[in-house]
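*Asks:* I'd like to ask you about the structure that follows.
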Amino acid sequence: MSPTAAARQIDPPANGLPSHAGIYHYDQVDRDFLKQRVEQFRRQVARRLAGELTEDEFKPLRLMNGLYLQLHAYMLRVAVPYGVLTSRQVRQFGRIARQYDKGFGHFTTRQNLQFNWIKLVDVPAILDLLAEVDLHAIQTSGNCIRNVTSDQFAGVASDEVVDPRHYAEVLRQWSTLHPEFSFLPRKFKIAITGSSADRAAICIHDVGLIAKRDADGNVGFEVYVGGGLGRTPFIAKKLRDWLPEDQLIAYLEAVLRVYNAYGRRDNIYKARIKILVHELGIDAFRNEVEAEFARMPVAEYRLEPTIIDGIRARFASQPYEALEPISGVLARARLEDQAFNRWVRTNVAAHRQPGYAIATITLKPAGGIPGDVSADQMDAIADLADHYSFGEIRVTHEQNLVLAHVRQDDLPALWKALSAIGFGEANSGLITDIIACPGLDYCALANARSIPLAQRISERFADLDRQHHIGELKIKISGCINACGHHHVGHIGILGVDKKGVEAYQLTLGGSAAEVGAIGDIMGPALSADETVDAIESVVGVYLEQRQDGERFLDTLARIGHTPFKDKVYASH
Amino acid sequence: MPLIDSGKLVDDAWVRLGDDDALPAADVPVIVSLARFHKDRASLAGRNGGLGVWLASNQHPKDIADHLADFALVALDFPKFRDGRGFTIARELREHLGYRGVIRATGHTLPDQYLFLVRCGVTQVEIPEGRDPALWAHALTEIDTAYQVSVAGPLSMARLARHKTTEHAA
């Protein structure tokens, strides 16, 4: 079969990167910039090692390059812009993991990759290796505009209105070393989606953007502000219903200026924009932003359509084959193999191109560590991406990977290959598809361990028949109130607390990061790790007893309320 | 405090006046607080030396908007290098208020912030005693790509990713 149309290839192939992967392909200006940035950080490290910078002064500089000091070592957080990678980039992760870490990497809720066992002196060399494949760790930490996140199905989802990647890339470039917004009161996270289904959790970001079209087909944005988790969780509030495409940058500058001028700097826990929005009220905040916006020389900040076209042109498109919309191979395989059929049901989503599908690789094998991938597994996934998905791999905020362009005919072979490396689990969106922060195993902030608890829950519910019987149920675990594991928006949220020096866990029910976001309610007193696993068993039991036809966990909870769950969990206490 | 202008160490003719300090000779340029400016406007006017005003990081440019013509210099305080309000204040003085005099950063800043300061419209930086001024000079050469509009250039979003700061710097 021949390709449907002349798919756009970036020519010459950038650094030998697979040229059909749906990333923004760097040009020479981007590469020169990145080299200079690595050199700048190399000198900063040298000044620190020579004692010319104090640790207090070095800290924000290293954070702006993604380097944290954790409990046992430095952690380097690599930016994966809006979660899209090439196979060559993933292989480079594998190389770094082998050479400078303990042979694995960890995908995070912000679509990034973390190396947890890094030495400070090695960081410039690691940044060189990343730059070789057009990657970096810029602004993955620090009080600046962080790596922009997006929908992992961008460009391929059947429900998509606008491809958010092009705008995410505009925002990535605009926010990179922004002279005015690199020393904000606190970190600033932007998420963007272009679909009716929100897979980017925009309601829990400092700014959330929904790209949409008006009746004439013009692109604009619905703008949300002040969402966030941490110790004071808020669902974002709507700031603008319609922001024309060409005003995107001007308007965001106005938002950031109001925040930089008025955001609190007296208390780290009250410094996020959500607190400013809450204290001023959304209407007063909006007035401030609109007043600033009205004063701006808007022409200078205008995002001309030609700019977006220029960026769009550096995204490759995929040479899809003209296929029948329904694959006979797939249909037969589903009938013949129940295990495969189950995987298709949970891990395969509809693709806008006839005959293709989107495959989610859950990094959550039974008893495994959510988001961890070994160097060998990285290589294997890169090979599969080359073979089945135009050399492209995506990272989801639920700590999974996606192959976004798989021929339906190829799904059986892909699933077999994934199963062979331990990632064929049919559990996307199910009870063992757990989000967990690194917790007390790594993190200096944590009160309790997250990973071992995730592993125990995963083991307890390992039976796939049972998982599929339970259906959609999202567990999210944070080791402390900073909420990196998004526990507030878990259907079942688990928060690690310190109960008189003993690790304990507080459960919440009813959170959601979907289109209608919600913060979960605390169930009752904190429990031990053993009790927590049993409590989840009890919650699931009540749900299965009470559910009526077709209800998901959240539906049953909304109908019968929290009391039956609470009563059951605390009955034995 | 050593003073850096355009990446070079320069002499500082300005005297920072405390609120109760006596006025020096009329040809000595002085920097006063906003409070003292309001209190002593009459005696501060008509001096031959320049007049400068010092803003704390929680004071707003709109507080001096009506008097900008009086000031040859505006000094902005950075109480800690992590307190980035001064970047927004400087840009606002240039962009919204059209201020063309000297903007001086005082307090705690790092050479690693110098390029950002310049791009936001700051012209001079008082650097902490004992720091190597060569680091500030070098800081201007480290990164020559700018991905966004700034008052020191580039002046539009056109060719978003393709600007060299050195080609456009004011």
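In case you wondered, yes, glycine gets a Cβ from its N, Cα and C as well.
These figures come from a predicted structure and were not determined experimentally.
The feature domain 'Nitrite/Sulfite reductase ferredoxin-like' is assigned by TrEMBL to A:74-133, A:367-420. The domain 'Nitrite/sulphite reductase 4Fe-4S' annotation in TrEMBL covers A:141-294, A:432-569.
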*Asks:* What are the DSSP helix, strand and coil residue counts for the domain 'Nitrite/Sulfite reductase ferredoxin-like' (A:367-420)?
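*Replies:* Here the numbers are 27 helix, 14 strand, 13 coil.
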*Asks:* Count the CB pairs under 8 A between the domain 'Nitrite/sulphite reductase 4Fe-4S' (A:432-569) and each of A:74-133, A:141-294, A:367-420, then give me the winner.
*Replies:* A:141-294
*Asks:* Just to be sure I understand, if DSSP states are collapsed into helix, strand and coil, how many residues of the domain 'Nitrite/Sulfite reductase ferredoxin-like' (A:74-133) fall in each?
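*Replies:* Summed over the domain 'Nitrite/Sulfite reductase ferredoxin-like' (A:74-133), the classes give 30 helix, 18 strand, 12 coil.
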*Asks:* Summarise the domain 'Nitrite/sulphite reductase 4Fe-4S' (A:432-569) by DSSP state, stating how many residues are helix, strand and coil.
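*Replies:* Its residues fall into 56 helix, 27 strand, 55 coil.
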